[in-house]
Amino acid sequence: PPSKGGCSGSAPPQVCGVALVAIGIYAQVALDKALVASTASAAGTPVAILVLGIIIFFISFFGCCGAWKESYCMVTTFAVLLSIIFLVEVAAAIAGYVFKDKVRSVLEDRLWDAMNKYGEDKVLTERVDELQRRFFCCGANNYTDWSSIERFRVNNTVPQSCCRVNSTSSPLCPQGCLQSIEAWMKEKILIVAPVALGIAFFEILGIVFACCLMKGIRSGYEVM
C-alpha cells in the first residue's frame, strides 16, 4: 500500500487560501477609501475574493484529510474542486479585462451621482470631500464639472475640498478624480498581479500533487 501522503498535496492551496483572504481584506479596505459611492460590483468583488480564499482553505483541509486517510475519492474530489476554482478565476480575470471600460463607465456614473447629491446627502458629501482631498482631485473629469451643478454654477464656486492648501500655483486641483482613481488602481494592479500569478501557480501545483497522489493511491490498491 502507498505511504501516507500527509498534507503535501494540499499545502499549496492552503497558502492560496490564506493569500486570497489577505487580498480580500486589503481590497475591501482600499476600495472603501477610494470609491465615493460603493456599487454592488465594487463592494462585492473584495467579499467574493475573501469568500473564495476561505473556501479554498477549507477545501485544502479536505484534501489533507484525503491524503492522510489515503482516500482516492476525497483526493479526487479535492482535485476536481480546485480545478473548477482555478478555471473560475481564469474566467473572472478574462471578464475583468474585457469589461474594464464598463468599470470605468460605472465609476464615472457613481462620481457624477455623488456630485449631484453634494450638500444634500451628508454621507456622500463627506465621501466626496475625503476623495478630493486624498487624491488631490476636483470633479469627475476636472474642476469645471462642478459648474454643471446648480448650486455651484450660480455662485461660480467649487467645494472647499477642491482647493489646494498653501499652493503657490493654481489654487484648485486641476486633475479630475476619475483620472486619479484610475491611476491609483493601475498602481495597485501592479502589486496584485504578481500575487495573483503566484496563487495560480500554487493552485496548479496543488492539482498536480493531488493527481500524483491519486495515481499512487490507485497503484497501491491495485497491488493489494
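Indices start at 1 and increase along the chain as displayed.
Note: Cβ is positioned from N, Cα and C throughout, glycine not excepted.
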Partner cysteine of Cys137 (disulphide bond, per TrEMBL) from Cys73, Cys163, Cys177: Cys177
Candidates Cys137, Cys138, Cys162, Cys177: member of the disulfide-bonded residues with the richest Cβ shell (10 Å): Cys177
Spatial separation of Cys162 (disulfide bond) from Cys137 (disulfide bond) - C-alpha basis, Å: 7
